[in-house]
């Protein structure tokens, strides 16, 4: 293999199989170290042999294999868990141990772990317990909270391959800004999770770790590229995790696995120092955001990081303090976008939209006026054409070079995204500028349309309620429509994911009379068979204008109140 630098990184000198074996050995040793550093009760079954065939829905394994004490910890609501740690009912060490053992089970169940971090978790948790004992107070708002981290978020003293065989011995010398913020807030990083080859898939499959499955139905994808996070949290083995998104990579895993998440606008959270290919490309910016068990924890993550003023360490960030004030005191105007005009969502998604709309229409919340209006999609097909043409400014040249250096073949979904309006050769400066103009003109047009929704009453739409994806999690290797997520990346709008229901075979029948509008719609229509989607979560998305993360979170809270969840 070549050792010449590709982008920022030097590829491995190992053979392809040696490189893969090296990464898998790191993972397996880290799992073995859990019981050495966190001795378990003899009653715990987390490390006992697993059958070759597991049930399609693996989530019951957590309760079956953990002790009652461990399961009680991991089943706690995050706010309650933090309160009990602060009051000394649980130690940070005991909580870390419970979640590490849960992650061992999750790895056997869904294949979501690249490395566990028992050494760091023990050292951090002990430090936090000592601080609490000596000072009588917590060190920060996340004191003692275990947190999982997408593999591309590098950690000092560890390797970071970000889905490429070529970079399996890419050793990290410095923690990224976000991780420093999380440590300062009292978090306990305990697990690193899978991401796919190239990071440019909304599934999670790589030549290093294989396929990560959906915890609710192993025949379905967990989503991607932060699929390990979605699967681990959806399984119940992490309370919150660090994820990234450039086309749906936070939101599809959260949606597919039935948990919560936010994709912020660029400039709110640090992440530019994470490992990834095409470093320096700025036409479409990836962002960092949390995936979590509940919406409160999504908000807590955001406020905990932003309250530390991360822009002091990362000058690319906007110096906008977190706003905890109520933003809806008299009225909220919610636009309904149930179909983007390109791909019609599957019946379970249509039902979820109708159920939430009905709840909003009937809701009475503290005198708040809830106005629902229709949102007409503005050239969403053009939006995909623009964003997909800007993902690989060099015609995917660097990515292909990395794959070649690692001796690995393009996986089908990697090849698919490379085929989506990607230039045959790198753009010239003039061509790239022209593309940027096209992007900015589209953003301006969409912004104007949004502003015009307030022409009559002076109150523009606050948020858009829309599907998160065109269906529940599809069978593996079929996630080829990014329109319901990538649309908001192009516009750089924040979006929250929240679960609504599950596929019901008795209700969500396929519409045999439907006539697909185009090849993408046909592909999506053909995917749906209610019998294949057993136990699949169905989620929706709340979208706001740029840099209005607080507003989309508060709007989602109000929607959940209307649904009777608060």
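One-based numbering along the chain as shown.
Note that Cβ sites are derived from N, Cα and C of the backbone, with glycine treated the same way.
Listed in TrEMBL for this protein:
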- 98-552: domain 'Amidase' (DOMAIN)
- 150: active site, charge relay system (ACT_SITE)
- 199, 225, 246, 247, 248, 249: substrate binding site (BINDING)
- 225: active site, charge relay system (ACT_SITE)
- 249: active site, acyl-ester intermediate (ACT_SITE)
Alpha-carbon distance [residue 150 (active site, charge relay system); residue 248 (substrate binding site)] in Å: 15
Alpha-carbon spacing, residue 225 (substrate binding site) to residue 150 (active site, charge relay system), which is rounded to whole Å: 9
DSSP-derived structure type at residue 225 (substrate binding site), helix or strand or else coil: coil
Residue with minimal Cβ packing [other Cβ atoms within 10 Å] among the binding-site residues 247, 248: 247
Residue 150 (active site, charge relay system) versus binding-site residues 246, 247, 249 - nearest by Cα: 249
All-chain count of other Cβ atoms within 10 Å of residue 199 (substrate binding site): 29
